[in-house]
Amino acid sequence: MENFFIVKKLASDTYGKALNVDLDRLLQAQNKYTLQELISYCSALTILHYDYSTLAARLSVYLLHQSTASSFSEAVSLQAAQSCSRLSPQFVDVVYKYKAIFDSYIDYSRDYKLTLLGIETMKNSYLLKNKDGVIMERPQDAYMRVAIMIYGMGRVVNMKMILLTYDLLSRHVITHASPTMFNAGTKKPQLSSCFLLNVNDNLENLYDMVKTAGIISGGGGGIGLCLSGIRAKNSFISGSGLRSNGIQNYIVLQNASQCYANQGGLRPGAYAVYLELWHQDIFTFLQMPRLKGQMAEQRLNAPNLKYGLWVPDLFMEILEDQIHDRGDGTWYLFSPDQAPNLHKVFDLERSRHKNAHREFRKLYYQYVAEKRYTGVTTAKEIIKEWFKTVIQVGNPYIGFKDAINRKSNLSHVGTITNSNLCIEITIPCWEGSEAEQGVCNLAAVNLAAFIRENSYDYRGLIEAAGNVTENLDNIIDNGYYPTEATRRSNMRHRPIGIGVFGLADVFASFKMKFGSPEAIAMDEAIHAALYYGAMRRSVELAKEKGSHPSFPGSAASKGLLQPDLWVRCDDLVFSWEERVAQTTQGVLTPKKWWQLRLAAMQGVRNGYLTALMPTATSSNSTGKNECFEPFTSNLYTRRTLSGEFIVLNKYLIDDLKEINLWTEAIQQQLLNAGGSIQHILDIPAEIRERYKTSREMNQKILTKHAAARNPFVSQSMSLNYYFYEPELSQVLTVLVLGWKKGLTTGSYYCHFSPGAGTQKKIIRNSEKACSADCEACLL
């Protein structure tokens, strides 16, 4: 009976709201199961009510608390005493010096607010362990550890900001990236999430980049590599008189390195390789991710890597003309040793006018006229080959090279040649005597934290964005850098990436449906507020600490904010300020934007501010939906490194309970339909419309939402698409629409599988882009 009394107390309002669970059922179960086994038992009952999952989470927290220290300083002391302690002596000294403050302020009851997915993920990935794998801290300890790392490891211990940051983390208002969470306070605090490398076409650098990528991966970073400068297969090497192997063998080498250099032993390494479409080896590149086919059968593929295409406007124009029979689609292929610098130039304007500023187009056709091309194909042939691979593995990603460069605040620094693991980071990088390897530190804001009874708290969101900006700026100074080139880049540009999660929760709370005018307007306003709050704080930090060294010549130095770059490109109407003012009910007015422009001209601390990354772990921990995406399903099992857990859409359940429709019959129909409610006709049409899953809605809706938020994104976004069937025409429709709307990301993952309504089982959410093997830049 002792176990039952524990369960009964955990189900009461002692640890939050009282739970709607059947205590009689649990009384019978406790005779059969241990407390640990009851966690799985309760999780399996989630289909009855999401409170069973909450009870399972509370049980998991309770057991963790039973086996860990009851104060923060004691937890640190026990870890420091270990023979192989990861904690840095400086961190331990700070904790000992201020232990009375930390111990009295930390609130372990907040651990009980974690979801089951959240506490299990924390235990598996983030909480520090001893050499035997025994967990040595609680989630609240981890949050305090991160806060101290950010504000307590410099020349001055900023206690006010330590406690504020702890509060924001522990109340799940903000989250910091995975490397920050598991490396904060350690002897080698690599806190950065994303690294961008540019591979040069010489043997020394080719191998240097294998080593560099491996070292970065070992510290928890995700990597994006540009391969566009590597000469094509069979190209002549004048120094040796031999022929080049091209990119294929090099990709296989990086694939092997990734498998070996896992992220601190916590999860697999994660690399993405990028190539431009004019490269002679493009068809080889497109076949290498495949799990089936000739290359896979010969084991010449590299399926563990992620792949990305860097797509210029010229290709999209030729493709569109070919699709509509306005041209033959001719596309020329080159080897960069014979046609140099194509990846180092971009088109500043999209106009087809002969006097338009289009450096890439000019150089491309110059090389065509000089007959430097090594092959000829068509745009359709390339996109068809891309599509064959996407059907199998969901990528290569598509990044619109020219849009990314022309809308970059750092376009004066150099051409952006590639992105990162999840195609949301866009930092210039190059090799040479003054090499720069792009680095970005990530965090995300929980949009659901600002839901009020009858309104949305845009002021609170602005303030939180400012707090995260200051956090990330401090991380730049306090983190460990694996190479001098990463340090040089980060200190020069000081880029940060603030993302979001819980947008679908916001819409569900206000009973909005994706694609409605009010939802699109709110999407725009939320990201405008996020950007505004980050820029405002970055300007304030510049007054205190100075601007980033590459500020002179940046768009901001000329009084141009991120949305102004979109207006300049004719991708955003000039009246956007009035629209945002109306949606935010006067919180963000045209006058405030004008004042921000004037202030930014005087100095900005950070070269980039916002980037919309996947947020799997943050969403898992807090029970909110991932990043800016719609709900993938209303019922599914989520597979993570920690195991599989049932996730139920609580907003749908609450709406059905309001009208007395959450019955056993509806539960069974939902289960049979794999999480879809579109064919459950007992549910009102208005509710069915609001709870369409990401695949059930027209994919153009996702593009339109992306176009609404993208003008306020300093870098880019991890934009997924979901389709029932693999039809190229459907995919091209959204890609071309996104390109025409000026999006920076064409696509992250494209998912093709039967929809929820055709599956007679709970969806396994393995199709999510934020899977366990792709979490390096995730939060």
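Along the chain as shown, residues are numbered 1 onward.
Just so you know, glycine gets a Cβ as well, placed from its N, Cα and C.
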Identity of the substrate-site residue among S178, S235, S408, S633 (reference: S193, C194, G222, N420, L421, C422, I423, E424, P614, T615, A616, T617, S618, source: Swiss-Prot): S178
Spatial neighbours of Y749 (site 'Important for electron transfer') among the recorded positions D201, N420, C422, E424 [C-alpha, 10 Å]: C422
Among C194, C422, C440, which are recorded positions, the residue with the most C-beta atoms within 10 angstroms of its C-beta: C422
Distant-in-sequence Cβ neighbours of R231 (site 'Allosteric effector binding'), under 8 Å, six or more positions away: D201, I237, S244, G246, S335, P336, D337
For S178 (substrate binding site), the three-state class that DSSP assigns: helix
Alpha-carbon spacing, C422 (substrate binding site) to Y748 (site 'Important for electron transfer'), which is rounded to whole Å: 7
Neighbour tally for N420 (substrate binding site), based on other Cβ positions within 10 Å of its Cβ: 37
Max CA-CA distance, Å, over listed substrate-binding residues S178, S193, C194, G222, N420, L421, C422, I423, E424, P614, T615, A616, T617, S618: 19
Residue from S178, C194, N420, T615, T617 whose C-alpha is spatially nearest that of Y748 (site 'Important for electron transfer'), among the binding-site residues: N420
Inter-residue C-alpha distance, C440 (disulfide bond) and T617 (substrate binding site) (nearest angstrom): 18
Around the Cβ of D201 (site 'Allosteric effector binding'), the count of other Cβ atoms that are within 10 Å: 19
